[in-house]
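Presented below is the structure to which this report refers.
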Amino acid sequence: MRPVTSDNPSGEVLPVPHYSYELPTVEEERFEKLFRQLDVNGDGRIDIIELSQSLHKHGVPENLKESYATKFIQQSDLNQSGDVSLAEFIYYVSEHEKKLLLLFSNLDTDKDGRIKVNELITAFRDLGVAISRQEAAQLLKRIDKDGSLDIGFNEWRDFLLFHPTADLSEIINYWRHSTEFIFYQRREDATIMKLLCQSDYLDVGESVTVPDDFTLQEMLSGMWWRHLMAGGIAGAVSRTSTAPLDRLKVFLQVHGLKRFGSLAACARHMLHEGGVRSLWRGNGINVMKIAPESAIKFMAYEKLKQCIKSGSPTRDLGMYERFVAGSIAGCISQTTIYPLEVLKTRLSLRTTGQYRGIVDAAKKIYSREGASVFFRGYIPNLLGIIPYAGIDLAVYETLKKRWLRNHTDTEKPSVLILLSCGTVSSTCGQIASYPMALVRTRLQAAVALQTVGGGPTAQLSMSGVFRTILATEGPAGLYRGITPNFLKVAPAVSISYVVYEHLLNSFHARNQILSRMAEGLQKKMQQEVEKFKAVQKEYQSVISSRQQLDSQLTENSGVKEELNLLESDANVFKLIGPVLVKQDLEEARQNVNKRIDYITGETKRLDKTIEDLDKKQDVQREALGKLQQQLQQAQVKAAMKA
């Protein structure tokens, strides 16, 4: 706001001419050149549409350009015209650069005019974010234009010129997340890749992938549960959509192609035996186990990270430490929900009318085979975790580093690149661990296999199943059913990606609406508090006036005593001069009565004022209480909806 002066008596916000800042000619030319680049239609003013179109060329991510353009216009449009003139543009940018220079100086701890890797790591650590030297170097490359592996103020200024705030924590967060080509630092893409390319169509590895890492700020902000919830729902939709292929895979793992002849014949058999609905047998429990499995794995992974980082909580986990923590967390979650895996296999293989539901199946299986059946195949399931998680993580890290070596500019990986890396790494892990998955499924199904040369024997041990498969079908038999497993890839990834992105956007939009509602209620409550304070101040003023009036009444009692003395003296005066005394006494009495009447009237008026203020204060208190209740209700609704 401009101050009220003789030249501007109304205090109206007016654009300040840019020449009043006495900018150097070079700086003024730089600002004017940048303004012309943003002024797409050349009309001498920049609006939100023009700014949104131009921001991506200046390094602002696609998903942030509209919000940044809106905030830029709001902060620089001094006369509230809806667009920005050259004078307004130069005024805002010059002031914004001063703030950026101050932040740059704070980060530049050795004051050499350059921000280096160590200084960047320190800045992140002070904000509770631990990054490695490699990640810090990649962040510097995001801004570094001359390849010096450090950045000067000009590079810093150009990168953050259109960032709407000069708050260091927000800038650090933007810097970290806008560096989209650092795979594990791009939360949305990394989660999509690991969640969609692994969890929705693989077998042994579907529960043993290394969970995503979340910073302390992301944990406190609730980002972690939004991603987990979106991933869980996306996984449920994806698994339901591809359930027929999953049941086909289980059939082939247990019975093989010899019984049916082809994939199509196996599918026809399922349709003939139970109709179209039979294709989704086992899907209910397959979806049901997503929530406990994900929650247990996430909590176990966080606890294991804390144990590994004991003594240095701010450091970042290395690849092998993440592998160990992720593998153990996967083992814990698999151990907890493994009975559901057995039920899923049995329900997928059931015939029409065999079970009435999940509970009925569990009761019948327990009564017929005992409790141990619910952990049949547990050992090969755990043995499949190590090769899957290790190969998946190693291949993924290798592909990531290879991509980073060949793309050191501001280019970000496309969704196709991200999904391809996840698909390749997951496929390699699956190929290595699939034989264990096959043995696990055979043991869960309790299939009696034929031994070579001898009679039929129930081979319900891991080694027995391995020997029987190799003897009867050869090494290729260990990959029975892998074809429909791979056929699930394209639909599973596509469906999960669409659902995941839609849910994240919905969560983000709803969170913004609730935040704005809470801010509005808080602002209104603050206004009412200010009004209440004003009433309290006025009330104190009235109390002070009342005290002054009481003091006057005290003085009045002294006047009455004086009047009594005068009356006593009047009796004496009557003897001396009755006429004179009577006249003087009457005059004195009238004066005193007038003063008493005045003081009494003032007392009544002040009492009435105090009564009115008390009523007004009660109304304000009631309004304040209602606003507090509305705020509490809004917070409860926000928590319930979240």
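Even glycines carry a Cβ here, placed using N, Cα and C.
Annotation comment: TrEMBL describes 511-538 (among others) as coiled coil.
If you look up TrEMBL, you'll see 610-637 (among others) marked as coiled coil.
Sequence annotations record features per position, and here TrEMBL assigns domain 'EF-hand' to 26-61 (among others). DSSP assignment over the domain 'EF-hand' (26-61) gives 24 helix, 2 strand, 10 coil.
Among the features that TrEMBL reports, domain 'EF-hand' is placed at 95-130 (among others).
Marked as domain 'EF-hand' by TrEMBL: 131-166 (among others).
In the predicted model, the repeat 'Solcar' (222-307) shows an average pLDDT of 83. For 222-307 (among others), the entry in TrEMBL reads repeat 'Solcar'.
In terms of DSSP helix, strand and coil, the repeat 'Solcar' (317-402) has 72 helix, 0 strand, 14 coil. Per TrEMBL, the feature repeat 'Solcar' maps to 317-402 (among others).
According to TrEMBL, the feature repeat 'Solcar' maps to 413-506 (among others).
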Distal contacts, the domain 'EF-hand' (26-61) - CB-CB under 8 A, six or more residues away: 18, 68-70, 72-73, 82-86, 89-90, 93-94, 158-159, 161-162, 178, 180, 410
Residues from the same chain, set at least six apart from the ends of the coiled coil (610-637), whose C-beta lies under 8 A from its own: 514, 517-518, 521-522, 524-525, 528-529, 531-532, 535-536, 538-539, 542-543, 546
Summary of DSSP states over the domain 'EF-hand' (95-130), given as helix, strand and coil counts: 23 helix, 1 strand, 12 coil
Secondary structure content of the repeat 'Solcar' (413-506), with strand meaning DSSP E or B: 72 helix, 2 strand, 20 coil
